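Engineer: After the structure tokens below, expect a handful of questions from me.
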């Protein structure tokens, strides 16, 4: 049995795709093996996610943008979350074509940089928006009276603007470090990849911490506190529980899709820095794992509309009315954006009608 050599990377090479696993092709004496038949099913998966995500997220944006009457705080976060998913979805056909051609990038360096910028920015925006939504739910359930001055539409818009500013900053390294690189092994054509300098690896690790680990930690703390509050009387009504169930599902889908990618990318960057030498067996696991995790992360861009469709009866009703061309009924006079604290049964329910239902069902409860 021959001795397995650990991998300590050499400088000056580039990764071939968004997952970064292409950088592993330089290894010796480790054999290089791609995902079996990945060139066949990965493009199909990307194109399916593109079709579902484009239709679903566009429909969510359309429904919320055309809503009559006052808009609730949760609407603001959901609208921006759908816009972030749309930004990622629009890049999927480019990655599908590249995957079908074995990593060759036929679209030029400009689109290579822009696609990497969009992916990094929308990933950051999605994580931060979900963290903001988690904080809003925590304030609505646990600190309703104390947080009333903060839970305004102006504050929600300011938070979303801050999220997009952070997303733009998170995407800037892709504009600086991403470009066309030669294919490994002297193949014809070029690949869209990142430089593998130590500065870029450290910057990438820092961005993973700030745009993935930190927001997910905030969300986890908020939902733990919410769960603890829900176990104590007075118990919230079914409307509030249904709303939280939908948001938990959205958050869980994001974590389940992006966390494996983030963990494997962190391992990859540490290996590139030489801080984590890897034997060939683990190297192959990392390479294949990055490919699968990238697919899973991309598919998350079409998950939220499906969650709304499956769990939210009001969304299904509004979607049916929208398809049939029937406009929503206008909100009743006297309703306001503050009705969010009492109307959380649905992300898409009309504020006024739900306020009346929630007030009748939960009269006298200090929580709602």
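Each residue, glycine too, has its Cβ placed from N, Cα and C.
Predicted automatically and left uncurated, TrEMBL annotations should be read as such.
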Engineer: Which range, 200-226, 335-361, does TrEMBL list as transmembrane segment?
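Structural biologist: Within the set 200-226, 335-361, TrEMBL attaches transmembrane segment to 200-226.
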Engineer: According to TrEMBL, which of these ranges is transmembrane segment: 116-135, 136-155?
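Structural biologist: Comparing 116-135, 136-155 with TrEMBL, transmembrane segment matches 116-135.
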Engineer: From 303-326, 327-350, which range did TrEMBL mark with region 'Disordered'?
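Structural biologist: TrEMBL lists region 'Disordered' for residues 327-350.
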Engineer: Go through 116-135, 156-180, 200-226, 246-268, 288-311 and flag the stretch with the largest number of C-beta pairs under 8 Å relative to the transmembrane segment (44-65).
Structural biologist: 288-311
Engineer: Taking every residue in the domain 'G-protein coupled receptors family 1 profile' (56-308), what is their average pLDDT?
Structural biologist: 88
Engineer: Going through 156-180, 200-226, 246-268, 288-311 one by one, which has the most CB pairs that fall under 8 Å from the transmembrane segment (116-135)?
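Structural biologist: Top-ranked stretch among 156-180, 200-226, 246-268, 288-311: 156-180.
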